[in-house]
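Taken straight from TrEMBL:
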- 16-36: transmembrane segment (TRANSMEM)
- 48-70: transmembrane segment (TRANSMEM)
- 125-246: domain 'Palmitoyltransferase DHHC' (DOMAIN)
- 170-188: transmembrane segment (TRANSMEM)
- 208-230: transmembrane segment (TRANSMEM)
- 302-316: compositional bias 'Polar residues' (COMPBIAS)
- 302-353: region 'Disordered' (REGION)
- 332-348: compositional bias 'Polar residues' (COMPBIAS)
């Protein structure tokens, strides 16, 4: 039997206190059900058709709200797999080595076959001393859970759980259905709320439930709309809350859009490929949470990486470091479509006309054919302008010679 001391008692007290926000939301939800379904729909509404429509729509939103909230609370956060944990020999070697280059050399050897491409701000391997493992990309240590969480977004006190790879979809649906729940209550309760102030309701306890129900629904609608809008923006950019505050660092430097593959693929990474599951709190996210495709472009592996403080290469898409190791099979298919991982980079480049002109000139150079038979100075000047605008430097001499 484990010894019980002051430390264990404090931990148990903290665990109990952490459930207070969840209990508060549950009690508020239970009261809202009584106030809307009983006091408003059954007691106050006189039209039978209005009662039936409101009760059916309300129970549908209530069921989806409770389902997604339950899944967000009780879905365990995923932790890094065993391959990211150091072996016993590596742990001993790491303890003997002092902090510095020798310490990093041990971690580099351990991470040699792992699909990790992000680094610390100083360019070092991301290592968790508490869990004694090499952190996968987008993984962070939660001080509340005292664990490393895959694709950690934040620790939410309202669900008493870490929001990460395993339950981020459930969290988004929880925000969406709770917002719809509050908006529906506020919209259908508005006319009775107006009657309360114009003395149009009978003097019963129902009118006080109607008044407080409208105030609560309107207040939560405002806060939930801003929070849900913010997380929709995060999904569209393929960012977590932590990455929005501190951009991930790759070997070439900081890149705030390093994991963004474009709006469509960013949505699919969270909600999955099958759209029939998008609105249901059923896990359908792509991948295993340990590896993620990036939008970075190939770079010469022999080229030295830029220090984290000098991230000028991030401004030039042609200098980005693309991971040399293969992605997990569940994630790599996001990069198989045309213009998948280069979607963000091509947006910074030339337009369709420029690309067509470039291909036309390259085809002419391969055939050794002149670009035009006309030798008018105006045409030659326009021809040179197109070459300078759309063709890379190392191809210009071949085209001009042709």
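Cβ atoms are placed via backbone N, Cα and C, with glycine included.
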Secondary structure composition of the domain 'Palmitoyltransferase DHHC' (125-246) [DSSP: H/G/I, E/B, coil]: 67 helix, 16 strand, 39 coil
Same-chain residue ranges lying at least 6 outside the transmembrane segment (16-36) that approach it to Cβ under 8 Å: 58, 62, 65-66, 69, 73, 144, 157-160, 185, 189, 209-210, 212-213, 216-217
For the transmembrane segment (208-230), distant same-chain residues with Cβ under 8 A (at least six beyond the ends): 28, 32, 34-36, 39-40, 44, 172, 175-176, 178-179, 182-183, 185-186, 189-190, 192-193, 196, 201
Integer average pLDDT (0 to 100) for the domain 'Palmitoyltransferase DHHC' (125-246): 94
